[in-house]
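Structure first, commentary second.
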Amino acid sequence: MKSLIFISLLLATSLGAFQEEDNVLVLTTDTFQDAIDTFKFILVEFYAPWCGHCKKLAPEYSAAAAELKKQGGDNYVPLAKVDATAESSVAEKFSIQGYPTLKFFINGQPIDYEGGRTQADIVAWINKKSGPPSNELNSVQDLEKFLERVSSSPIIVFFGSQEDDNDFQTFKAVAQQNDKVTFAHIFNAEASEKYSVQGKIVLFKSFDEKRNDFDGSITNASLEQFINAHGNPVLLPFNDKAINIIFQQRNNAVLLFTDDSDAGVAAYEVFASVAGAFKDRIKFSFSKPNDGSGLFHRLAEYVGASTVNVPNIMIYDQQGGNAKYRFEESITVDSLRNFLTNFFDNKLDRYMKSEEIPSSNDEPVKIIVGKNFKDLVINNDKDVLVEFYAPWCGHCKQLAPVYEALAKKLQVNPNIIIAKCDATANEVEGVSIESFPTLKFWKNGQKDQVISYSGGRDEAGFISFLKENTSHPWVDLDRVEEL
């Protein structure tokens, strides 16, 4: 009892050194290092006040912080946040490019947070990283009580007879790295008999078959594959959890955009009928405009799906360079099965998003869309600098006046084109954009060797880069201005 009181007092003293808001520590440049030195484990969110994703995360993040504080104990893990726009030196130190970015610090060393964006996901991920990789259970009663958690997360249990079992060591090694399910182990013959365990490993879950028994050779790879195949529902409603499974865990996905009309319901039934045969190879997810997630239009915009002609289906191939494939036929079991078979046989033509070519393009910053990219960038003798941006991106808006001034200044140089491309509405084969803004340079005579721009985001930085990399004699801009 005294030790618990001491830990509580110590915790209160540690937390008292930092400003707190809704159970989340608020860190600044002055207090950041103290925080990661004070706590063995700490999760830090780098955010921007104007960021919509950050605002959406805030209540879940605060609720997770409250739950972790409630759990307490000597392994208490605080959640913290840093306004990266105000504390820029801290953000730069950890190469923060987008918001929100979450970093988990272990003894002061950061790793990327790869969990979900809900309270339950955050708490589960942190408990996994800061606690034992697998929960030890001793009796049938312990197991029954533990399995009550299955509604919030699938639970994979190792049933064994001794701890020095090599298979158990493999199980623990996978548990240390895998955050998709909760791990537990029990060495109790009565438990194995009660749950009719034939092998050693069983996955319990609240969806689909409710239970999957592992019957193969226990290796890291086979166990990871088993969890990936059975640890999530076959049909994923597109929400924050699906975002984590598909985008953060980089799984390929077939996406159904549907509604509650007769055609939408029929398409969903086809989707469900086909999913079982392909579930081990690709994720199936569906999105509706009225599902409460607010993600329908954003997802459709990102992958190039129609929000008018619903239902429709797209494949998003993250493992193939984020390629997208549009299903053009009537949605039937046979046509959808053929579409997926052709995808795995590499027989589909990639779909590339593009806006229409602008009727006028005579401003200093040229407008590039998918349909005119080759004409403006590749099939000419110019050096071309292209900014790939998103209309909602704060960094892009900040760069806009600088980029516009650069383009105006360089109008006297006929050999250089300054251009921009809305990367949310246009795609270019061979160009993968992961963050905004991304700047790339195509040099005349070497246009198959794209140069990524990583210099300063000011006029001097751009001019220095262009002067060094242009294939043509440099036009002295200062002299031109004098004349």
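Note: Cβ is positioned from N, Cα and C throughout, glycine not excepted.
Now, the feature entries from TrEMBL:
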type: DISULFID; residues: Cys51-Cys54; note: disulfide bond
type: DISULFID; residues: Cys393-Cys396; note: disulfide bond
type: DOMAIN; residues: 9-131; note: domain 'Thioredoxin'
type: DOMAIN; residues: 346-471; note: domain 'Thioredoxin'
type: SIGNAL; residues: 1-19; note: signal peptide
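Overlay of TrEMBL feature records on the structure.
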| residue | record | Cβ within 10 Å |
| --- | --- | --- |
| Cys51 | disulfide bond | 18 |
| Cys54 | disulfide bond | 20 |
| Cys393 | disulfide bond | 18 |
| Cys396 | disulfide bond | 20 |
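A distance of 13 Å separates the Cα atom of Cys54 (disulfide bond) from that of Cys393 (disulfide bond). Counting residues per DSSP class in helix, strand and coil order gives 53 helix, 29 strand, 41 coil for the domain 'Thioredoxin' (9-131). In this structure, the CA atom of Cys396 (disulfide bond) is 13 Å away from the CA atom of Cys51 (disulfide bond).
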